[in-house]
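Below: one structure, written as structure tokens.
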Amino acid sequence: MEDYLSLFVEETSWYNDIVLGTMLPEKWWAPIPHVYRGWLRNYIGGTLIYLLSGVLWCFYIYYLKRNVYVPKDAIPSNRAMLLQIGVAMKAMPFYCALPTLSEYMIEHGWTKCFSRISDVGWMAYFGYLTAYLVFVEFGIYWMHRELHDIKPLYKYLHATHHIYNKQNTLSPFAGLAFHPLDGILQAVPHVIALFLVPMHFTTHIVLLFIEAIWTANIHDCIHGKLWPVMGAGYHTIHHTTYRHNYGHYTIWMDWMFGTLRDPVEDNAKKM
């Protein structure tokens, strides 16, 4: 068992070497205990993904494709985007504690994670991945919905994110502009799933960091029209009505629980 768990430690150590070895002198991070190296790597990696994806996406839709995807009067101000970056960066150290905790639990054998796909086979891998994603979709839907329905949670946590509720204030940078505890709560289903569903460790890590890119995408107010994806068109409605489209990657949970509002139908009613 210890030999198998060492595979997880070797993998996280490899990630540490890639990120920390590239960004910092070794003498700065080599003496730090393994778990804190993991947090530092997650912090640097998460910050880079958030800022780079936000900057590149904003540059593309607001400047290279100006007035193509977003009308000129709907482009958020630089001040609004800087405020969103400020909120996200204050929360980033706390966000990074969650993947660090999940790695610690995985490395100590507390979860159902497996290291190699060959341990279960490709068919089982895709079956487990599907179950994991369904659980995460269900968990994030209800966590998000309760952050609205339970008034103290909304007032003291989720309202921080809903300051940005119009097209001319929403931007890709709003994707991680949450109260720290709010952001952690919405990501917790990823960790809970590890105790319920066998999950490939590398895939779990990749999905956590995809979150940063995905949340940037769904706050750009551009309706992608790719069924059944819960894209920005749906999420913009969520920011204006507060009672619809709580889902994460897909529309299925909102469809099942009666909170779906379609942007195409919504626009047709306004015309």
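Here, residue 1 is simply the first one shown, and the rest follow in order.
Including glycine, each Cβ sits where the backbone N, Cα and C put it.
Copied over from TrEMBL, here are the features:
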- 130-259: domain 'Fatty acid hydroxylase' (DOMAIN)
- 43-62: transmembrane segment (TRANSMEM)
- 122-143: transmembrane segment (TRANSMEM)
Positions whose Cβ lies under 8 angstroms from the transmembrane segment (122-143), at least six residues beyond its ends: 185-186, 188-190, 192-193, 196-200, 203-204, 207, 246-250, 252-254, 257
Summary of DSSP states over the domain 'Fatty acid hydroxylase' (130-259), given as helix, strand and coil counts: 86 helix, 3 strand, 41 coil
